[in-house]
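Colleague: Input: one structure, supplied below.
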Amino acid sequence: MLHSDPNIDGHRQIWTAEAARALFDQPLMDLLFQAQTVHRQHFDPNRVQLSRLLSIKTGGCPEDCSYCSQSARHDSGLSASKLMEVQRVLAEARRARDAGATRYCMGAAWRSPKARDMPQIVAMIEGVKALGMETCMTLGMLDADQSAQLAEAGLDYYNHNIDTSEAHYSNVITTRTFAERIDTLEAVRQAGIKVCSGGILGLGEGRQDRVDMLVTLANLPSPPDSVPINMLIPVEGTPLENAAPVDPIEFVRMIATARIMMPQSHVRLSAGRTAMSDEMQAMCFFAGANSIFVGDTLLTKDNPEEESDMRLFAKLGLQPMVAHEHAPDEARRAALLADDPAIPILR
Ligand code: SAM
Ligand code: DTB
Ligand code: SF4
């Protein structure tokens, strides 16, 4: 038995805050070994999924998220734009696909989508799918009807982050509640769309908030398929512009704990990589991160140049995952276990 003490509910582990905290607090080498062991049970450790982001509607957002460059309530100097035309989105998506991205994530700075925007959104989903990529959208809050429309259009993933713990939430965002975030995740799940949900480190939260955020995610009716872990990009003009930087080892612990608690999920090393060394990113991959955003821009802020990412992948012997490659099936898992001398305890 690995070092954790989750309650077992049928086949599903229900995580207590105490068990999750015990994982997070372990000596780093024990935590990393456990995370890498779990990672190898479910994934090829040398494959990383590549997602590409496009901001399809930038800035002017009515919400007050204190980290965000796109809130109309902060003066970050960003100019707001309207929803992008479908043909332009598809041209960008084609370029991303030709450069190796397997998932295309489209983000809009909305509290929630308006009915008049839905036909354009649906056309984007259909067009990107026709290019052979997985589709992901992040458009703010959704109700059951909106979720059903997106599912009908063929949307694969919906990104909606809980961002931090329930206890810390109102220190970061006041224009919506943590419970509303969970409601959207449930509407998306009920519609049959895969859920992508994670959060940010560096919002002034403590370790317990980090642990509690992971407990909420892992205990959802089904854990998210993708879990983005962002490191705050401090944005001038936002309330968090001078937030204290996150300790890199603490960030690695977060990735490792997420990997152990959500063994089947893609854990995405998301925003903040331009401020991370190669060594820190390598530790994150070792801790079980197996997805990144590629391309030199996230939504509004910088991401590493593609060339420098490919150099890093070459140095580490990492390979991009191919489109629609997910957790290995049982045969693949058995082969991984049989072949791998690094995981003797699992034989
Ligand atoms: N408006 C939609 C929403 O909030 O769900 C979608 C777009 S929003 C920009 C997507 C996510 O990006 C946020 O939930 C947050 O986790 C992340 N994010 C935004 N600004 C960030 C920053 N400066 N640093 C790190 N992550 C950030
Ligand atoms: C997520 O968790 N991170 C991405 C994606 N989901 C939409 C967004 C990161 C945004 C970073 C700040 C910016 O580019 O404005
Ligand atoms: Fe708007 Fe999303 Fe930014 Fe919050 S995180 S201000 S909802 S774009």
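The backbone N, Cα and C atoms fix where each Cβ goes, and this holds for glycine too.
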Colleague: Per TrEMBL, what member of Cys136, Cys284 joins Cys105, Cys196, Arg268 in binding [2Fe-2S] cluster at one site?
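Modeller: So the [2Fe-2S] cluster site in TrEMBL includes Cys105, Cys196, Arg268 plus, from the candidates Cys136, Cys284, Cys136.
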Colleague: Near Cys105 ([2Fe-2S] cluster binding site), which residues of its own chain have a C-beta under 8 A away, given they sit six or more steps off in sequence?
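Modeller: Residues satisfying the criterion: Ser51, Arg52, Leu53, Leu54, Cys136, Met137, Thr138, Tyr157, Asn159, Phe293.
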Colleague: Any of the binding-site residues Cys61, Cys105, Cys136, Cys196, Arg268 with a C-beta atom under 6 A from ligand 3? Give them in order, or none.
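Modeller: The binding-site residues passing the 6 Å Cβ test are Cys61.
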Colleague: How long is the line from the C-alpha of Cys61 ([4Fe-4S] cluster binding site) to the C-alpha of Cys196 ([2Fe-2S] cluster binding site), rounded to the nearest angstrom?
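Modeller: Spelling it out, the Cα of Cys61 ([4Fe-4S] cluster binding site) and the Cα of Cys196 ([2Fe-2S] cluster binding site) are 21 Å apart.
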Colleague: Do any of the binding-site residues Cys68, Cys105, Cys136, Cys196, Arg268 touch ligand 1, in the sense that the CB is under 6 Å from one of its atoms?
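Modeller: Among Cys68, Cys105, Cys136, Cys196, Arg268, near ligand 1: Cys68.
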Colleague: When you measure from the Cβ of Cys65 ([4Fe-4S] cluster binding site), which residues in the chain that are at least 6 apart have a Cβ under 8 Å away?
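Modeller: Within the chain, Cys65 ([4Fe-4S] cluster binding site) has Cβ neighbours under 8 Å at Ser71, Asp163, Val172, Ile173.
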Colleague: What are the non-local neighbours of Cys196 ([2Fe-2S] cluster binding site), defined as same-chain residues 6+ apart in sequence with CB under 8 A from its CB?
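Modeller: Expected: Cys136, Thr138, Tyr157, Tyr158, Asn159, His160, Pro224, Asp225, Ser226, Val227, Pro228, Arg268.
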Colleague: Given the [2Fe-2S] cluster site residues Cys105, Cys136, Cys196, Arg268, which other residues of that chain have a Cβ within 8 Å of the mean position of their Cβ atoms, reported in sequence order?
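Modeller: Sorted by sequence, the hits are Ser51, Arg103, Thr138, Tyr157, Asn159, Ser226, Pro228, Ser291.
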